[in-house]
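A.B. asks: What TrEMBL shows for this protein is this:
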ACT_SITE  GLU25  active site, proton donor
ACT_SITE  LYS161  active site, nucleophile
BINDING   LYS88, VAL108, SER142, ALA143, ASP144  substrate binding site
BINDING   ASP140  Mn(2+) binding site
Amino acid sequence: MTAPLTFSPEVEAALAAGRPVVALESTIITHGMPYPQNLEMARQVEQVIRDNGAVPATIAVMGGQIHVGLTDQALEILAQTPSDEAMKLSRADLAVCLANGRTGATTVAATMICAHLAGIRVFATGGIGGVHRGAESSFDISADLQELAQTPVTVVAAGAKAILDLPKTWEVLETLGVPVIAYGQDELPAFWSRSSGIKAPLRMDSADQIAAAAAMRARLGLKGGQLVANPIPPEAEIAHEEITPVIEQALAESEARQIAAKQVTPFLLQRIFEITEGRSLASNIELVLNNARLAAQIAIAMTR
Ligand code: PSU
């Protein structure tokens, strides 16, 4: 019995020939950004990966299959699927979605699982999930963290989303034994901002170093992946001091409206988009593209 994987011809050929492939998630399309910017972002990010010499593999669940590499038509359908119709898939519900033939968008956790099944070692996204603020009473901690601890995929993100409790998120990753690598700076980035005031546990300055570290983990038999925290380009960032009050306002509203569980992140991203009059979305798109660029370089380094 093998996993129900359906590859696009382009991805299948690249994997068979040992060429570099970068996985991409789909929750960012269905739950992370509004239409039509989500579709534009999904297309642009694939193009950036191609321009940098690798093959993009956007992952989603449709018709009882894990699709690895989507046609433009499938991307469009997904981008127009209302967020309450597509399941937001993590480790817990991936199999249920497949077995019941439903449509599902993969989060960081589920994309890591699918990428690993497909033989893809690197994945680009915007920001990982993590420990939500108030987790000491809500216990809301993203399954993305556990996945990083057990599935051998290198995830390139602009850190964890700044709506989270970042110090607690980094503490949990440390406890789980996940290497958190800041790219090209000593400080951890904070999604829309380059700086967070938190010193990174590890720093690397090249794709080759990151690929070598992943290979060494495999040689040591250490399970789990690595998180590469890649700062947003300076011209696209929203400064930490500027975004902090916006995040606080959105958080207060989500509390007042008792938003919980899987709805929290999409609600906050949407409110921050409205309050910043679209600036947060423009930044979010730029950071994803920047992560895709680095992920392509890492994928190439991994094939050398
Ligand atoms: N990156 C973005 N926007 C997103 C996400 C990542 O720029 O919406 C998605 C990822 O799929 C990630 C999820 O796994 O948000 C985290 O959701 P939660 O906090 O509910 O675990």
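Residue numbers in this text run from 1 along the chain shown.
Cβ from N, Cα, C; glycine included.
Those TrEMBL annotations? Automatic predictions, nothing curated.
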A.B. asks: What is the total of other Cβ atoms whose distance to the Cβ of SER142 (substrate binding site) is within 10 Å?
C.D. replies: 26
A.B. asks: Under 6 Å from ligand 1 by C-beta, which of these binding-site residues make it: LYS88, VAL108, ASP140, SER142, ASP144? Sequence order, please.
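C.D. replies: Checked binding-site residues vs ligand 1; flagged VAL108, SER142, ASP144.
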A.B. asks: Using only the Cα atoms of LYS88, VAL108, SER142, ALA143, ASP144, which the record gives as binding substrate, return the largest interatomic distance in Å, rounded to a whole number.
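C.D. replies: Those residues reach a largest Cα separation of 13 Å.
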A.B. asks: Would you say which of the binding-site residues VAL108, ALA143 has the most Cβ atoms within 10 Å of its own Cβ?
C.D. replies: VAL108
A.B. asks: I want to verify one value. Collapsing DSSP to three states, which class is LYS88 (substrate binding site)?
C.D. replies: strand
A.B. asks: Given the substrate site residues LYS88, VAL108, SER142, ALA143, ASP144, which other residues of that chain have a Cβ within 8 Å of the mean position of their Cβ atoms, reported in sequence order?
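C.D. replies: So the additional residues around the site are THR27, SER90, THR107, ALA109, ALA110, ILE128, GLY129, GLU147.
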A.B. asks: Which has the fewest other Cβ atoms within 10 Å: LYS88, LYS161, the recorded positions listed?
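C.D. replies: Sparsest of the recorded positions LYS88, LYS161 by Cβ contacts within 10 Å: LYS88.
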A.B. asks: If you measure LYS161 (active site, nucleophile) to LYS88 (substrate binding site) at Cα, how many Å is it?
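C.D. replies: The Cα atom of LYS161 (active site, nucleophile) is 17 Å away from the Cα atom of LYS88 (substrate binding site).
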A.B. asks: Taking the Cβ of ASP140 (Mn(2+) binding site) as centre, how many other Cβ atoms lie within 10 Å?
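C.D. replies: Other Cβ atoms within 10 Å of ASP140 (Mn(2+) binding site): 19.
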A.B. asks: Take the C-alpha atoms of LYS88 (substrate binding site) and GLU25 (active site, proton donor) and report the distance between them in angstrom, rounded.
C.D. replies: 11
A.B. asks: Could you state the CA-to-CA distance between ASP144 (substrate binding site) and the residue listed as 'active site, proton donor' to the nearest Å?
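C.D. replies: Approximately 12 Å lies between the Cα of ASP144 (substrate binding site) and that of the residue listed as 'active site, proton donor'.
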A.B. asks: Around the C-beta of ASP144 (substrate binding site), how many further C-beta atoms are within 10 angstroms, looking at every protein chain?
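C.D. replies: The answer is 26.
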A.B. asks: Once the chains shown are all counted, how many other Cβ atoms turn up within 10 Å of the Cβ of the residue listed as 'active site, proton donor'?
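C.D. replies: 28, counting other Cβ atoms within 10 Å of the residue listed as 'active site, proton donor'.
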